[in-house]
Amino acid sequence: MCAKSRVAAPGAGGTSLCSEGRISLYCFLITAALVLIPSVPQNLYGMVPQVWGAVLWGPFLYYALINMIIRFVLRNHDYQVAIRASFLGFAMAVSVLVICFAPTEWQQFGAYGCFMSLFHYSEFLVIAFANPRTLSLDSFMLNHSVHYGLAAAASWIEFSLEVYFLPQFKRYGYIWVAGVVLCLLGEVVRKAAIITAGRSFTHLVQNEKHSEHKLITSGIYAYCRHPSYVGWFWWSIGTQIVLLNPICICIYTLVSWLFFHDRIYVEEYSLLNFFQSDYVRYQKRVPTGLPFIRGYLVD
């Protein structure tokens, strides 16, 4: 993501949501509502006697019906946007049902599911608002990387094993609420960074400086040089605190720190080439925002 969070073009950002953004928003909200509305009474009034059947079986049927409708109404790129937004709306709705009706030791997994769904959908939505010209299916970040997928799978495996063998551990106080706070703060910081950067923010690497670009030092960038990384770092750790995954908390913290340490070092090398003394002064005035990471400093 070299230089993406630091460079802005005139007129950055937009005042309205582009068509793909509107389609995604409709599909996300409508799917979530259509899954939740009929599912909640089934659970409240015992219409489906088995808990997991009520939480999962009914919503899957509703989701399949919604996807059939989307396939009939939309085509090509609009369909691809809609089906991804609908999936994330479905995941959000099922996560809410898990929080409300699943056994106690599984409820924080529902909270985790809500944050995962919200993170991936809001990445697309905020880009659709702030920088629609770079918007693509990759903006959902569902296919971020193999390592990202493996990390998520590892957290699910650890959580499931600990629920099975140590269910009392997952009910230990309300420590997981601290993870909720971290996830919320991380989301706010990252999305504020995207909106502040406007048209310059993209999930793709920028290696060239264009004539209209300028250095952003206002807004959230007045407090840390890499707010999008700061938000993502604390959000990722927060997800594991929500799950009360002690092993993954340690691994996520170490791996995320190493990743952002190297990424910031490489990115600031480009930024110094772009802005030279202006960026040196900015470095001296504002920290990176991440613990023990100083970035690429000029002697």
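Even glycines carry a Cβ here, placed using N, Cα and C.
Where the annotation comes from TrEMBL, it is an automatic prediction and has not been curated.
Per TrEMBL, the feature transmembrane segment maps to 23-40, 52-74, 81-104, 142-161, 173-194, 241-260.
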Distal contacts, the transmembrane segment (142-161) - CB-CB under 8 A, six or more residues away: 84, 109, 116, 120, 170, 239-240, 243-245, 247-248, 251-252, 255
Beyond the flanks of the transmembrane segment (241-260) by at least 6 residues, Cβ under 8 Å: 108-109, 111-112, 115, 151, 154-155, 158-159, 162, 169-170, 172, 175-176, 178-180, 182-183, 226, 229, 232-233, 290-293
